[in-house]
Amino acid sequence: MEDFVRQCFNPMIVELAEKTMKEYGENLKIETNKFAAICTHLEVCFMYSDFHFINEQGESTIVELGDPNALLKHRFEIIEGRDRTMAWTVVNSICNTTGAEKPKFLPDLYDYKENRFIEIGVTRREVHIYYLEKANKIKSEKTHIHIFSFTGEEMATKTDYTLDEESRARIKTRLFTIRQEMASRGLWDSFVSPREEKRQLKKGLKSQEQCASLPTKVSRRTSPALKILEPMWMDSNRTATLRASFLKCPKK
């Protein structure tokens, strides 16, 4: 699974997933399914915000790469993928600026058009079951929930899907591609089945001492509005590279 993740996802996403697992004391060489799940979730969050801007009239607009209007304000602030300290700093800054209610748990995105935090879910199970789990955990009507599955299903708070159909279809296509690529390598069943995952985890624990620790580079993200907090984590060239890789999943 680890080899698949490194081949299928952009190196910047892999790097962020490595950092996240290290922050929580998890070993990606043992918990490979979690490694794959984190990378998938990160990519969906990036794709959710991709190309979406707000124009001078405060309306949402979709801008393709290379368009001179790309200097418009980003519609979504990406919170997922930051270290916890920086993530809460961003959340606090958003709340102070917009008057939004501070969430109990770290959300994944903030939507400047709808003025709400968004929790993104990617599930291998039934979307309605995962949605209810998220809702019961968050216990806040202020945070919008949007769940995607690998089968093309989705569920959102009050059936408000936030994005246009084409943007959501791009996310669903990517998830379906990941599922197909996993299946072609015989990885999908273990990714879906908790029992098989536990068996793989137990097997990995026995060989834990043989696993070399993975060096992790710290990589941070922030929007132009928060440049006073720290430098931009990614310039336009790196952003373009990341976007161009979204639908690529090379085979072995």
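Each residue, glycine too, has its Cβ placed from N, Cα and C.
Worth saying up front: this structure is predicted, and the values here are computed from it rather than measured.
These come from Swiss-Prot:
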- Leu28: site 'Important for efficient shutoff activity' (SITE)
- Leu65: site 'Important for efficient shutoff activity' (SITE)
- Glu80: active site (ACT_SITE)
- Asp108: active site (ACT_SITE)
- Arg195: site 'Important for efficient shutoff activity and nuclear localization' (SITE)
- Lys198: site 'Important for efficient shutoff activity and nuclear localization' (SITE)
- Arg199: site 'Important for efficient shutoff activity and nuclear localization' (SITE)
- Lys202: site 'Important for efficient shutoff activity' (SITE)
- Lys203: site 'Important for efficient shutoff activity' (SITE)
- Lys206: site 'Important for efficient shutoff activity' (SITE)
Around the C-beta of Glu80 (active site), how many further C-beta atoms are within 10 angstroms, looking at every protein chain?
23
Could you give the Cα-Cα distance between Asp108 (active site) and Glu80 (active site), in whole Å?
5
